[in-house]
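Take a look at the structure set out below.
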Amino acid sequence: MAASVRRCAVAWLVPAAGLLALLTGPGALGKRSEVTVLTDGTWRQLLQGEWMIEFYAPWCPACQNLQPEWEKFAEWGEDLEINIAKVDVTEQPGLSGRFVITALPTIYHCKDGEFRRYQGQRTKNDFISFISDQEWKSVEPVSSWFGPCSVLMSSMSALFQLSMWIRNCHNYFTENVGMPVWGSYAIFALATLFSGLILGLIMVFLADCLCPSKRHRPQQHHYQKKLAPESARLLKKLDEEQEADEEDLSDDEAEDKELADRNSSTNASDL
């Protein structure tokens, strides 16, 4: 009797435990977020397919107000066949520079590598209409010169990453090492001067290699072609004839001058 009671209790406990797991599991709290978090290393997946990307900062009040609407919009991503992503500009300064983020939050639409900036209302329904009605087609795409894949924006991204690295180093020197602020500034000033000196030397060296000065320029010898014996004799003969003509011309000029002197002296005596 006791054994049958235990079997009945176990038979009731197993379904009850399963039901409790369903009620308290992730499904009971709503749909799991489908927002993709992008970084400097993964942003190139935007170049394939259709995306909506939000650039935000945790401290920004407008970004905080947008987050619930963005999460709700992400639940429609599968139905709209679009990927939803977000970028924390405080953690990814390179992407902030690559996309020239000057205001928060900033939202971009991307379709097969073509980027457009979203300027509409920031509600779930407006986002859905922007995609389902293809309102993005009426928005002028970002020029290829200023696109995130361009050389200009890649350089801007590197500059932003460098600035963040300098800031982290400054915080490390002042907070962890205990260095005074002026000491950290002095280190960066010396590093800037030293790097500028090295860069200047490299540029001077390259300029001297490409365009050497006249002092160091090697003497240029005229290339003399080896002539055939007949050609050499012909040229020699022409040179001799030219010299003879010059001598004859000099003799004629001397005779003319002498005759002119005689005529002038005769005229003077007659007078």
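Cβ coordinates come from backbone N, Cα and C, glycine included.
Taken from TrEMBL, the feature signal peptide covers 1-30.
Among the features that TrEMBL reports, domain 'Thioredoxin' is placed at 8-136.
Positions annotated as transmembrane segment by TrEMBL: 145-166 (among others). Listed as Cβ neighbours of the transmembrane segment (145-166) (distance under 8 Å, sequence separation of 6 or more from its ends, same chain) are residues 40, 43, 46-47, 93-100, 113, 115, 188.
According to TrEMBL, the transmembrane segment annotation covers 187-207 (among others). Same-chain residues lying 6+ beyond the ends of the transmembrane segment (187-207) with a Cβ under 8 Å from its Cβ atoms: 166, 169-170, 173.
The feature region 'Disordered' is assigned by TrEMBL to 236-271.
Taken from TrEMBL, the feature compositional bias 'Acidic residues' applies to 240-258.
Here TrEMBL flags 262-271 as compositional bias 'Polar residues'.
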